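Undergrad: First the structure, then my questions, so here it is.
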């Protein structure tokens, strides 16, 4: 009987709620990472014309580069601000309430970027990219939290992988929309950038029909009836009672505890391994070389003999490969477990970095993925989770900014040895996860927390408070 429950397909309402959550969250983020690349030349020409009309002189090359890099990179600064407020909003407005309110940033950004050309203000592009960055930061903070809290334990990994799947689908969609055959022509670039309103509208139309996180309703708000109704809609009548028992157990475990602030997590010794783990894996998610390969893609394709006008199609092919990989990993998460998949992923990336160094002349791009967002969600209980996502998101966005800033200098300094830096990162993270992080597949949040506590006691009882790697094994 237990086996049949494990193989049971998720409730239709749960899948629709997950779709509505992801389309306005990580899909939006991925879309805005890639969509800005296609209209580069058109936007720069617009800036030049605007500058000339205002000051009766052409803009200098350095000033043009600075303005364009500001338009592109301010997205990451907006994302950083978004994660710092996302956790707080998720406690005050609820997970669903925060996701819905977050669309205000997206709609405003779409309006500003769409109007920038007609009103002759490139400043609208800067403000719009900053606002859509805030949207992405809040979405990346709250979406995996909401998905983890509405999912039954057996499907938490599979639904949690929706964050990476929709991120890659968003990247691919942005690349496709930027092709000349779609909206890549010069006269269409304002419409291309304003299409970011479409995912926001879809989420506003679909998500209100689904309930708030059951865990948030019972643990944070004390609304038992609301929690039961939410579980009936999301999990179905058959699984409602076991899910409710799960949440009540977590609530009794947290009796008397208030939602933690980020700085309080650093002071809580019982959470030190969970906190260190999310810092390590979120830094590694950006410093593993995959994003660097994206930055390096144009050079790779040109060196491979692909003409400049054909590189957008090669980039779409790269996005499609990553999309396929994310979908495949989503299917493997519940079969192999989190620990096996994420450790194997970093080992594979380490090997790829070696091959990159040895055969850089052949320029082969390798796509990988991980389960970082799922672990962010599973390693903490309700009162610590929002603060943990704020810390994880801050580390993630800062690392993202760091890669974009430093990678060109790494290439100049190390040349064909540049990927050895990422080999060190990937191999170190693989060893850390193998030795420290427990498997979380099919375990409740309370069970995962207790496993960390028992590991902490075990390491203490061995007589040395500094025995760091005797934790979860």
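Any Cβ shown, glycine's included, is placed from N, Cα and C.
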Undergrad: Would you please say which range out of 235-256, 345-366 has the annotation transmembrane segment in TrEMBL?
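TA: Per TrEMBL, the stretch marked transmembrane segment is 345-366.
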Undergrad: Quick check on the annotations: TrEMBL lists transmembrane segment for one of 46-65, 66-85. Which range is it?
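TA: In TrEMBL, the transmembrane segment feature sits at 66-85.
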Undergrad: When you get a sec, could you say which of 19-39, 313-333 is annotated transmembrane segment by TrEMBL?
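TA: It is 313-333 that TrEMBL describes as transmembrane segment.
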Undergrad: Contact between the transmembrane segment (97-115) and the transmembrane segment (188-210) is defined here as three or more C-beta pairs under 8 Å separated by at least 6 residues; is that satisfied?
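TA: Answer yes: the transmembrane segment (188-210) meets the transmembrane segment (97-115) with 3 or more Cβ pairs below 8 Å.
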Undergrad: With Cβ distances under 8 Å as the criterion, find the stretch in 97-115, 121-142, 154-176 that has the most pairs with the transmembrane segment (66-85).
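TA: Between the stretches 97-115, 121-142, 154-176, 121-142 has the largest tally.
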Undergrad: Of the listed stretches 97-115, 154-176, 386-410, which one has the most C-beta pairs under 8 A with the transmembrane segment (121-142)?
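TA: Stretch with the highest Cβ contact count: 97-115.
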Undergrad: Averaged over the domain 'Major facilitator superfamily (MFS) profile' (18-441), what pLDDT does the predicted model reach?
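TA: The answer is 83, the mean pLDDT of the model over that range.
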